[in-house]
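Novice: Annotated region 'Disordered' per TrEMBL: A:1-21, in sequence order. Residues or ranges marked as transmembrane segment in TrEMBL: A:30-49, A:61-84, A:104-126, A:133-160, A:180-201, A:231-249, A:261-279, A:286-305, A:311-330.
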Amino acid sequence: MATTETVSAAPLPQDRPDEARDERKSLSQMVLQSGTIIALVGLIVIFGIMSPSGFLSLGNLTNILAQVAILTIIAGAQTIVMVTGHFDLSVGTTATLSGASASAFMLSGLPVPVAIILGLLVGLGVGMINGFLVAFLNISAIVATLATLTTVGGLAFIVTDGTTLYGMPEVFYWVGQSRIAGLPMPVVIAVVVALVIWIVLKYTTVGRRWYAVGGNADVARLSGVSVRGNVFWAFALAGLVSGMGGIVLVSRLSSASATSANDYMMLAVAAVFLGMTLSNSGQANLGGTLVGVGIIGVLQNGLNIVGVNTYVQQVLTGIIIVAAVLLSSFKSRRA
Amino acid sequence: MSASTAEPIAPPVGQLALQATAISKHFDGVAALTDARLDVRPGEIHALLGENGAGKSTLIKILTGVYRPDAGSIASDGEPVHFAGVKDAHQAGVVALYQELSIVPTISVAENILLGERTPNTAGLVRWPEANREARRHLDRLNQRIPVRRLAGQLSPVQQTMVAVARALAADARVLILDEPTASLTDTEIKDLFAVLRSLRDEGVGIVYVSHRLEEVFELCDRVTIMRNGSTISTRDVADITIEGVISTMVGRDPGELFPDRGTATDRAVVSVESLTGRRVQDVSFTAHAGEVIGIGGLAGSGRSELLCLLAGAQKATGGTITVAGRVLPAKGDVGAVLDAGMVLVPEERRSQGVSLNASIQDNIALANLEKVSSGGWVSARRVTELARRSMENLRIKARGPRQHVGSLSGGNQQKVVLAKMLAREPHVLLLDEPTRGIDVGTKAEIYRHIRELAAQGTTIIAVSSELPELIGLSDRILIMHEGRISGQVPAEGADEELLLSYCYGRNA
C-alpha cells in the first residue's frame, strides 16, 4: 500500500504531460467523428463519377452554393438554439412570415430598406415570443415552438391573403439575385451570417454561456449564469436570423408565398444533427452545421442531376436524419 | 447526554465570515427550517450535520441565494446581506458545490472554472489564451495538473470536483460550501481532496462541509453544527465531542440498537448458486436459506455488484447455475424469469435506476406492480392509491400523500419508495445493492429493522454493501469477494472488521 501511494503522489516527470494527450484520439473515435465529413466527400465522389460533366462543372458547384445559401442561414439560426439545449421548430415559418411581411410592406409603398428592417423585426419578434415562452414560462421548447410554428404559419397566410405576392421594387431583387465577384449575393450573405454566428458561438462570452447552459443548465445557474436571459436571447437571435433567411429567399424568388420557407425547418434540423456528430462534446456547432448543409445540398443537387425525383429526395432526407442521430448517440455511448 | 436541550452557540472569535441567525423557511405551508443558525469563521472547516430532512440542503440553498428565507438574517463579514440570487451570494464570496451538479460536461475545464461572469473578454470577445492561463492558475493553487482545454466530462470524478473547487476560487470564495463531495470518490481521491481543503482553510477560506460519513468529519473538521427537524441544535468543537454524541444529537435520542436482532435463518435452501461465472465473477458458489440475510462485501471492482447483476438476470452468465426455489434460471440473463422466480433487485443508483423522480409515489409503486392494480387491462385508480397507502404505512414513508412526487422527498424516503415498489411484489428473495447509501442514521435503522422483519417472514435477503459495520450488523453470514472470487466466508455474529478487510485484499488470514 505504502509504495503505491508514494508512486502516485510523486511529481509527474514532464511539465503538463496531459496537454499533449489532449489532442490525441483513438482511431475509432476519429472515424466516428469524421464520418460525416467522409460521407460528404463520398457523396461528391459518387455524383462526380455518375455525372462528371454535369455535377462537377464550375457552374453546377456555384449552383449548389446558391441552393444551400438560404438553408445555411436558417440552419445557423437552428444551431444557436440547439447550442442552448433547446429546439426551434418555427424557424421555417418564421422565415416565411418575415419574407412575406417585408414584401407586403414594399407593396404597400414603404421604402425597401424600411420594409426589410420591419421584416427582420417580425422575425426577431417571433424569436422573442419563443424565448419568452421557453425561458420565462417554462414551456418545453418543442411545444412552444410547435405552437408558434402553427400561429406564424397562419399569420403568413393572412399577410399574403393566401396568394403569392410579387412585383416588389426592382432594387429589392439586388439582395437575392445580384452577384459579387461572380458569387451570387445569397452566398455572400450566407457566408457573412455563418461567420458572425461562428464568432459569436466560439469567441464571445454570450456564446460560451449558451454552451454552458446547453451542457448543464443547473450547474450554469448555480454558478451565477442567468439561464433564462441567455435562453431568451438565443431564441430571439434565431428568430432574427431566420427572418433574414426568409427575406433573402423572397428576393431570390422574386415572390413571396404563404409557405415559401417552411420546408427549410426539417432540413435545418437535419443539418444541425449531422453537424453535432462532428464535435467532441456532441453539441451543436456551426462548423458541423455547415458540413451538414453541404451534405444536404450535394445530395439534393446530385439526385436532381442523376434524375431522382423530389419525393425520393424527401425520403432520403428523413433517413439521413435518423442515421445522423444514430451516429451521434453511438459516439456519446463510446465517449 | 443532554442533547435534547439547545446549547448556546460558542461566542465568535474575531469577525465571522458568514453568520445565519434564526432562519426559517416554509414550502407549501410545511416548515423546512424553523430556527436554523450557522456561523462560519474564516479559516475553519465546519461540518454541517443532520439526518436527511433535517434542513441542511435548504439552509445551504438559502446561504447561497437559491432560496430566500421567510425570516431570519444573514451577515457576511459582519455586514447584513440579502441574497436575491446566486449571483449576489457569489459577489459576497459564498459559493456552494453540489455533488451531482459540479461541472458542465460539454465545455472545457477552463470554461467551467471561469463559468459565471469571469471569463476575460474585450467587449464580449473571449481572450482565450488569458482565460486558459487564468484557469490554470486556479488549478495550480490546488496543485492539480488537469489540462484546461479538455472537456470537463472526460475527467474523473475527483478531477471534476477539483474543477468545481477551482471555480469557487475563481469566484474569490471566502466561504466554500461542499455538499457530500466524497460520495463518488475513492479513498486516495478523498485524501487528495482533504489536502486541498486543508490548504484552503490555511489560506483563510471558511469551509462548510456536509457529509453523512462521520469518520470524515472527525478527520477533517474543526467545528460541527448539528441540525434536527429544521433547527440548529448545537455547535461544538470537534475535539469536544464523540461520534456517539453526534449521532444521539442528530437523532435526538440514543442511537440504541442501530441493528436489529438476528436469528431468523432457517435450514430451507432457497437460492443455490453453483460455480457461477460471468463478467468479473469467477466460479462463485453459495447457498442462501429462507429467513437468512447474506451480506456480500469486497472492494470496489471486486465483482460484488456484478455478482448481484448476474443473480438479477441483468447480465449474462458464462458458466454455472442459479437455482431459486427449485427452478434453474436461464443463463443468458433473463430479468423476467428472475422476477417470475420471486427474486427482485433493489438497485444502487436510486435516482437513475430505482425511481422515476417526476412521478408520484403511487405511480412509481403501481408501475412495477401493474398486475396487482389492474384487471383485464384496466388500471384501477382506487387500487393504485390503496397499494401506495399500504406501502407507505408499512415502510413509514414520510410524505404528504401517495400523490406527492418522489423527487420532492428526502433521500431516505426515496429509498423507501424503491423498497416499497419491490416489496409490493412480495418477493421470496430480495437482492439489495448498497441499501443505505447516502441515507441518514435514523432512516438506516428503520431500513435495517424492515429487512430483518422481512427475513423473519421467511424472505431470503442478499445484500451488497461497501460498509463493513453494515455487513456485520445486518447479516447472518458474510461473503467477501476479491477479484471475482469469494475470498472469505464468515458468520456475521462477532465477525472481526480486520479479518474481513484482509479477505477484501485477498489475503487469506
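The backbone N, Cα and C atoms fix where each Cβ goes, and this holds for glycine too.
Note: TrEMBL annotation is automatic and uncurated.
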Novice: Out of A:61-84, A:133-160, A:180-201, A:231-249, A:311-330, which stretch touches the transmembrane segment (A:261-279) the most, going by CB pairs under 8 Å?
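Specialist: By the under-8 Å Cβ criterion, the transmembrane segment (A:261-279) pairs most with A:61-84.
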Novice: Are there three or more C-beta pairs under 8 angstroms joining the transmembrane segment (A:104-126) and the transmembrane segment (A:286-305), sequence spacing 6 or more?
Specialist: no
Novice: Looking at the stretches A:30-49, A:61-84, A:311-330, which one shares the most CB pairs under 8 Å with the transmembrane segment (A:231-249)?
Specialist: A:61-84
Novice: Under a Cβ pair cut-off of under 8 Å, which of the recorded stretches A:61-84, A:104-126, A:133-160, A:180-201, A:311-330 contacts the transmembrane segment (A:30-49) most often?
Specialist: A:311-330
Novice: With Cβ-Cβ distances below 8 Å as the criterion, list the same-chain residues six or more beyond the ends of the transmembrane segment (A:133-160) that contact it, or say none.
Specialist: 81, 86-90, 92-94, 96-97, 100-101, 103-104, 126, 227-229, 231-232, 235, 256-259, 262, 265
Novice: What residues elsewhere in the chain lie close to the transmembrane segment (A:61-84), defined as a C-beta under 8 angstroms and at least 6 residues from its ends?
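Specialist: Those are 91-92, 95, 141, 182-184, 186-187, 189-190, 193-194, 197, 200-201, 207, 210-211, 213-214, 230-231, 234-235, 237-242, 244-245, 248-249, 252, 261, 264-265, 267-269, 271-272, 275-276, 283-286, 289-290, 292-294, 296-298, 300-301, in sequence order.
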